[in-house]
Amino acid sequence: MTRKVKNIGVLTSGGDAPGMNAAIRSVVRSCTYYNLQCFGIHKGYEGLIEGDIRELNARSVRNIINKGGTFLKSARSQEFRTPEGRKKAYDNLVKYGIDGLVVIGGDGSFTGALKLSEEYGFPVVGIPGTIDNDINGTDYTIGYDTALNTVVDAIDKIRDTASSHNRLFLIEVMGRDAGDIALNAGIGAGAEEILIPEEDMGVDRLIESLKRSKKSGKTSSIIVVAEGDKSGKNIFELGEYVEEHLKGYEVRVSVLGHIQRGGAPSCYDRVLASKLGVGAVEALLAGKTEVMIGVVHKNITEVPLRTALEKKKYKHDKLIKVADITSI
Ligand code: ATP
């Protein structure tokens with residue numbers, strides 16, 4: 001028989017992502033709606049271990065839906081990786097009477113949540129919050145859409161200077177081992193070439209392709225490089241290689257970095273976060289545990305956390321073809 005959940009804790013963990021605030025807000029207000037108490041845990045698992053926990057009500061989360069970052073703050077906790085750390089965390093959950101936990105974060109945060117569940121039978125539900133869109137079992141993660149728009153906006157601006165000076169820009173974007181941001185932002189910003197970890201085109205093919213572009217009349221080029229790209233060269237080495245092998249262009253390198261994580265969440269991310277927050281509370285209320293709330297073909301879904309932790313399989317073929325055709 002499942003125990004009825006009465007007090008829900010919520011935390012954000014790992015890298016922050018735009019839309020995390022909207023997810024917290026949704027969890028808190030779902031608790032109000034279902035007559036549950038909600039506790040905000042500050043600084044992720046670190047705050048759980050330290051007991052940095054405060055009760056939240058519907059008014060505590062006003063005016064945050066439009067804000068980037070996470071007002072609960074996030075952290076990476078080494079101590080939570082140890083059984084002793086998780087024992088302290090569990091003791092604090094018991095101390096506050098929390099009987100269900102919503103973890104908003106990426107795969108590391110979900111691994112930690114699973115351990116808490118396995119070791120103490122504590123009910124946990126995950127919400128995917130990371131700009132990388134690298135979580136299995138959901139089409140989108142919270143923050144990804146905003147990051148895409150930020151990247152496209154930045155590339156548009158870089159293109160203005162690239163085309164004014166006959167320059168070739170290599171632009172590194174985030175995504176870790178996933179090429180989703182690079183591929184989609186690259187298409188959206190009209191990049192000439194896109195290097196992603198899932199498809200190693202090789203530097204020589206890149207040079208040949210750039211030569212063809214130049215021959216066809218292009219006077220500037222944008223190459224989007226995913227940070228996990230498998231060319232074997234970091235972006236600065238790649239820039240030097242291109243400059244050596246392709247005459248007639250000034251090559252510049254731009255690493256977009258943390259601007260991709262910040263900013264007001266897009267409407268898509270706000271709505272997604274709101275839906276996943278409601279889904280997470282409803283899942284805990286229904287006695288579910290060790291699940292992640294995600295979105296598949298626009299439907300809110302529950303998948304086992306273990307499935308969410310499997311490597312995501314990307315089907316990029318069609319998009320790669322679109323990129324090839326539209327960059328001719
Ligand atoms: P992002 O995708 O933004 O990096 P993440 O959730 O993957 O987010 P991590 O730093 O990998 O970020 O994990 C967040 C926290 O989850 C860690 O700081 C740690 O406290 C906890 N965690 C990660 N892996 C484990 C593990 N194997 N066992 C216990 N806890 C873990």
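Keep in mind that glycine also has a Cβ here, set from the backbone N, Cα and C atoms.
According to TrEMBL, the active site, proton acceptor annotation covers Asp132. Summarising the annotation, TrEMBL assigns ATP binding site to Gly15, Arg76, Ser77, Gly106, Asp107, Gly108, Ser109. Look at TrEMBL and you will find Arg25, Ser26, Val27, Val28, Arg29, Arg159, Gly190, Ala191, Glu192, Lys218, Thr219, Ser220 tagged as ADP binding site. Summarising the annotation, TrEMBL assigns Mg(2+) binding site to Asp107. Feature annotation from TrEMBL assigns substrate binding site to Thr130, Ile131, Asp132, Arg167, Met174, Gly175, Arg176, Glu227, Arg252, His258, Ile259, Gln260, Arg261. Residues annotated as domain 'Phosphofructokinase' in TrEMBL: 7-284.
Neighbour list (Ser109 (ATP binding site), Cβ cut-off 8 Å, at least 6 residues apart, same chain): Ser13, Gly14, Gly44, Tyr45, Val103, Gly126. Of the residues the record lists as binding substrate, namely Thr130, Ile131, Asp132, Arg167, Met174, Gly175, Arg176, Glu227, Arg252, His258, Ile259, Gln260, Arg261, the two whose Cα atoms sit farthest apart are 32 Å from each other.
Thr219 (ADP binding site): 14 other CB atoms within 10 A of its CB, across all protein chains. Candidate binding-site residues: Ser77, Thr130. Fewest other C-beta atoms within 10 angstroms, Ser77. Distances between the Cα of Gly190 (ADP binding site) and those of the binding-site residues Arg76, Thr130, Arg252 are shortest for Arg252. Applying an 8 A CB threshold to same-chain residues 6+ apart, the list for Val27 (ADP binding site) reads Ile8, Val10, Cys38, Val102, Ile127, Gly277, Ala280, Val281. Comparing C-alpha positions, Ser77 (ATP binding site) sits nearest to Thr130 among the binding-site residues Thr130, Glu192, Thr219. Neighbour list (Arg29 (ADP binding site), Cβ cut-off 8 Å, at least 6 residues apart, same chain): Ala58, Val61, Gly277. Secondary structure at Arg29 (ADP binding site), taken from DSSP and collapsed to helix, strand or coil, is helix. Each of the binding-site residues Gly106, Gly108, Gly190 was scored by other CB atoms within 10 A of its CB, and the lowest score goes to Gly190. Following the DSSP three-state reduction, the secondary structure of Ser109 (ATP binding site) is helix.
Listed in sequence order, the binding-site residues from Arg25, Thr219, Arg252 having a Cα within 10 Å of the Cα of Gly106 (ATP binding site) amount to none.
Highlighted in sequence order, Ser13, Gly14, Gly44, Gly105, Gly112 have their Cβ within 8 Å of the centre of the Cβ atoms of Gly15, Arg76, Ser77, Gly106, Asp107, Gly108, Ser109, the residues recorded for ATP, and are not part of that set.
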